[in-house]
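As structure tokens, the structure follows; a few thoughts come after it.
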Amino acid sequence: MESNLSGLVPAAGLVPALPPAVTLGLTAAYTTLYALLFFSVYAQLWLVLLYGHKRLSYQTVFLALCLLWAALRTTLFSFYFRDTPRANRLGPLPFWLLYCCPVCLQFFTLTLMNLYFAQVVFKAKVKRRPEMSRGLLAVRGAFVGASLLFLLVNVLCAVLSHRRRAQPWALLLVRVLVSDSLFVICALSLAACLCLVARRAPSTSIYLEAKGTSVCQAAAMGGAMVLLYASRACYNLTALALAPQSRLDTFDYDWYNVSDQADLVNDLGNKGYLVFGLILFVWELLPTTLLVGFFRVHRPPQDLSTSHILNGQVFASRSYFFDRAGHCEDEGCSWEHSRGESTRCQDQAATTTVSTPPHRRDPPPSPTEYPGPSPPHPRPLCQVCLPLLAQDPGGRGYPLLWPAPCCSCHSELVPSP
């Protein structure tokens, strides 16, 4: 029984169960894939600084988690060029960082996606129902608690397994039940959030369009993540239920230790290392690569015609998918576009003392001035009303209206006579 359970704890002398030439090629391929993802995410973080995006946001936290995950996986596979015995005799902290921490990081990225889409849904509701803000705080607390529970279980199981202070079967059972159950729950909650986003498309699509995507694309990406994470968890739970306690080496495809797969030579022949790499590719590298590509950093638009004027300030439509989900909801504004000719913004904080300034327009040209059938510059059709208030320096208490440029015809708004 001890030989069958040897895969649960790193054992000295275990090597990938493939010929050296094949093992070297697979190791080089695995290392190259993870290294490419690492440099891709690293470049995305530099683009955040280059384009002047918000430095601390959902997007940057997500990219930082993916960067750390790719770095740990690249370091792990680099051991298998020449230092396989050394990789199997690591201390508790390096062992946990290389073998267990990447799984925790993937779970954190899944909870981060849940948090963002839940925020999109709640921000769409909070304008009409302010009490929904308490529900958002409860959702955030639940996902933070799930992340801490996942981290605590994996750390304790790794430490106890390394020191052999508990039965391997009991540790494996607890770790798989807790970790994979949390994966399934978070995958289902992500599916529910995406359904709510799709159902409330008129009020939630603005957040997704600010990133350059659509509700359909976000739903497709979220559905793929749900299938990948849920299938991984269901496979592990099913395999654990079917595996007897004396034959754990037929299971343990749970990304816990590369040497576990080297112990599968009796069941898989010389394909243990290959199977392990394929499992990592399907259930780790593929979903992370899709997420990084979907949430990549975009260049802000340079065309000022896409800007909006809100309360006398110009805001370009370069909102970031992870920065402020409720930006437009908080400002309380709505945009109306009529055949590309005018942009209209109504200020929701108007007071009873505010009067709408008239638009100073040039007098219409006389027929003798423009002999043609129509004047070369027709009269502007401006629908923007932007009262800019200031305190009367004379102390009379009357608001003053300062001149402001019009966003559609570039003329001037002047106070009433």
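From the backbone N, Cα and C atoms, a Cβ is placed for every residue, glycine too.
Under the heading compositional bias 'Polar residues', Swiss-Prot lists 345-354.
The annotation compositional bias 'Pro residues' is assigned in Swiss-Prot to 364-375.
Annotated N-linked glycosylation site per Swiss-Prot: Asn4 (among others), in sequence order, evidence recorded as sequence analysis.
The N-linked glycosylation site annotation in Swiss-Prot covers Asn257 (among others).
The region 'Disordered' annotation in Swiss-Prot covers 344-375.
Taken from Swiss-Prot, the feature topological domain 'Lumenal' covers 1-31 (among others).
Residues or ranges marked as topological domain 'Cytoplasmic' in Swiss-Prot (evidence: a curator's inference): 53-60 (among others).
Looking at the topological domain 'Lumenal' (82-89) alone, the prediction's average pLDDT is 68. Among the features that Swiss-Prot reports, topological domain 'Lumenal' is placed at 82-89 (among others), with the record citing a curator's inference.
Residues annotated as topological domain 'Cytoplasmic' in Swiss-Prot, with a curator's inference given as evidence: 111-140 (among others).
Among the features that Swiss-Prot reports, topological domain 'Lumenal' is placed at 162-175 (among others), with the record citing a curator's inference.
Feature annotation from Swiss-Prot assigns topological domain 'Cytoplasmic' to 197-218 (among others); the stated evidence is a curator's inference.
Feature annotation from Swiss-Prot assigns topological domain 'Lumenal' to 242-274 (among others); the stated evidence is a curator's inference.
Look at Swiss-Prot and you will find 296-417 (among others) tagged as topological domain 'Cytoplasmic', backed by a curator's inference.
Under the heading transmembrane segment, Swiss-Prot lists 32-52 (among others), citing sequence analysis as support.
According to Swiss-Prot, the feature transmembrane segment maps to 61-81 (among others). Beyond the transmembrane segment (61-81), the same-chain residues lying 6 or more positions past its ends with a Cβ under 8 Å from any Cβ of the stretch are 16, 23-24, 27-28, 30-31, 34-35, 37-38, 41-42, 44-45, 48, 87, 97-99, 101-102, 105-106, 108-109, 112-113, 258, 280, 284-285, 288, 291-292, 295, 297, 322.
Feature annotation from Swiss-Prot assigns transmembrane segment to 90-110 (among others).
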| task | Using Cβ atoms only, state whether the transmembrane segment (90-110) and the transmembrane segment (32-52) have three or more pairs under 8 Å that are 6 or more apart in sequence. | result | no
| query | Which residues of the same chain, at least 6 past either end of the transmembrane segment (176-196), have a Cβ under 8 Å from a Cβ in it? | reply | 103, 107, 110-111, 113-114, 117-118, 120-121, 143, 146, 149-150, 153-154, 218-219, 222-223, 225-226, 229-230, 232-234, 236-237, 240, 254
